[in-house]
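This report concerns only the one structure given below.
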Amino acid sequence: MGKEKLKKYIPYTFIFPALLLLLVFSLIPILVALVISFTGLDITGLGNWSTVKFTGLTNYIQLFNDPTFLQSIGNTIFYVVLGVPLVVFLSLTVAVMINLSQNKFFKTMRLLFYTPSITNTVAVAVVWSYIYNPSLGLLNEILGKIGIAPIGWLTDPNVAKISLIILAVWKAIGLNMLIFLAALQGIPRSLYEAAELDGANFWQQTLHITIPSMRFSIFFVTVTTIIGWFQFFDEPFVMTKGGPLNSTNSMALFVYQNGFQNSNFGYAAAGSFVMFAVIIIATLIQFKLQRKQRGEE
Amino acid sequence: MDTGKQEASRQTKIIVGLILAVWALVTIAPFLWMILSSFKSNAEISQMSQSILPHHWTLQNYKDLFISGNFGVYLKNTLIITGFSFIGLLLNAMAGYGFAKFKFKGRGVLFIAVLATMMIPGQVTMIPVYLILNQAHLTNTLTGIILPSLVGAFSIFLFRQFMSNISDSIIEAARLDGASEWYIFWHIILPISKPVLAVQGILTFIGGWNSFLWPLIIANDQKYYTLSVGLQLLQGQHTSDYGLQMAGSSFMVIPIVIIFLIFQKYILQGFNIQAEK
């Protein structure tokens, strides 16, 4: 009898350690963040909790009057609008091209394209900062050889955002290409054979068989990429610190700067919730569009 | 007629192959430039016009990383953190097994709670986790760096997916033979799960080796810095010493590329598993 009772607890011993860690470091923090976003918690509050005051919606109201925050929202939307289509289109293009053949050359290509995805963002950002250097960098040197004046890749407020997008797209192609390749290999051969009998060429087959069969993986990549770009952080943090003139600041970087550089924990937590809300809304819109598309078929 | 068609497809293949080759060269060019520059002297790198290959190959930059750059300490910390992340991997595997092969009260709700954590952006939990660790006096310790990212919902999910496909009869047979639940997990389930363990193991290694945000937030003291944080510090301190910066970057990138090349078969298979389920 006692042994039977003990047996009931065994499943919980397997899941308990992981669940406890997720509870402490993911689920409880959400509630804590929500609570402190309504307070003026800062570095003094950290030492003496009794000085922390409940401030209601003050943080949220202040956020939407903060030009830096509004600019970081604008920048983040710019990143998403430009970056997401580029990542989806380019990784799909590479995947379709690599899928053309199974020989050694094409397999090697797959490896080369994947490499940027596994490497450390900091290391990569350091390397690209050097490449982007206005006077010593590789890029301006090449441009100079063909007679183009040097570009301030990271110092010109109009160009810096695009420079960061180029780097992030370069880094994101590999992983998404693999997801697309896995989906491509799941398309039944018979579809292509039938199309070939009808005389469809490679491009027609791609347009009428490949792309429609990949609808789900395109949706998956789009959603995860959108979520990722809304949290754009590492590249601006390492390369530009949000500058010049705040032109590359993102919402995620704004949260970090206010939380850990200015120690305005309450204000930063409110910012992070605005960001969370934006991500949820964007994801819901995606799901709606996907459902609508399915309904039209 | 038939041969004509094949000819066309071969032509397409050659054109596509050429485009891919050029594109791939552009893709890996930053890495090649990084490695070559890391062997150049600082004098050579500060010249306005540089040749692709170093004039005088030097290892000085790599020596400086360890002599003045403290990279020995960073390497040690990174390896410790990476080592501990494998304990996290084991916890994920245990949880995945628990959800896959046991029926218990609250299983559905708990699993949904696990999946829900995947949707929470890191920036939302960043501040409260810091406050929690601060209350527990774990800021500026290795424990504080390791704990927050020890387990991950996505990994638990993948283990559960794989382990659900293990036949129940194997487990039942072992139970009838009197094996304990833990014996079954260690000696039957884990060996069968080798493919998913391999994928997760490599991803865990890459994640640990690249860990940046938590060490950056939690470590105030350089003696707890990881390689990424140290490299970022190096960039700030030696702004124009690109030779040193490229050596630091190479030191972080090359080991990962080597490990990836060795285990690529497993990683690429891993994505097939993920995409199909």
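Note: Cβ is positioned from N, Cα and C throughout, glycine not excepted.
As recorded in TrEMBL:
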- A:12-38: transmembrane segment (TRANSMEM)
- A:73-286: domain 'ABC transmembrane type-1' (DOMAIN)
- A:77-99: transmembrane segment (TRANSMEM)
- A:111-131: transmembrane segment (TRANSMEM)
- A:162-184: transmembrane segment (TRANSMEM)
- A:216-233: transmembrane segment (TRANSMEM)
- A:265-285: transmembrane segment (TRANSMEM)
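Beyond the ends of the transmembrane segment (A:77-99), by six or more residues, the same chain brings 106, 109-110, 113, 161-162, 164-165, 168-169, 172-174, 176-178, 180-181, 184-185, 206, 210, 214, 218, 221-222, 225-226, 229-230, 232, 250, 282 to within a C-beta distance below 8 angstroms of the stretch. Residues 33-34, 36-42, 45-46, 55, 59-60, 62-63, 69, 73, 76, 80, 223, 226-227, 230-231, 251-252, 254-256, 258-259 of the same chain lie 6 or more positions beyond the ends of the transmembrane segment (A:265-285) yet place their CB under 8 Å from a CB of it. Counting same-chain residues at least six beyond the ends of the transmembrane segment (A:12-38), those with a Cβ under 8 angstroms from any Cβ of the stretch are 54-57, 59-60, 265-266, 269-270, 272-273.
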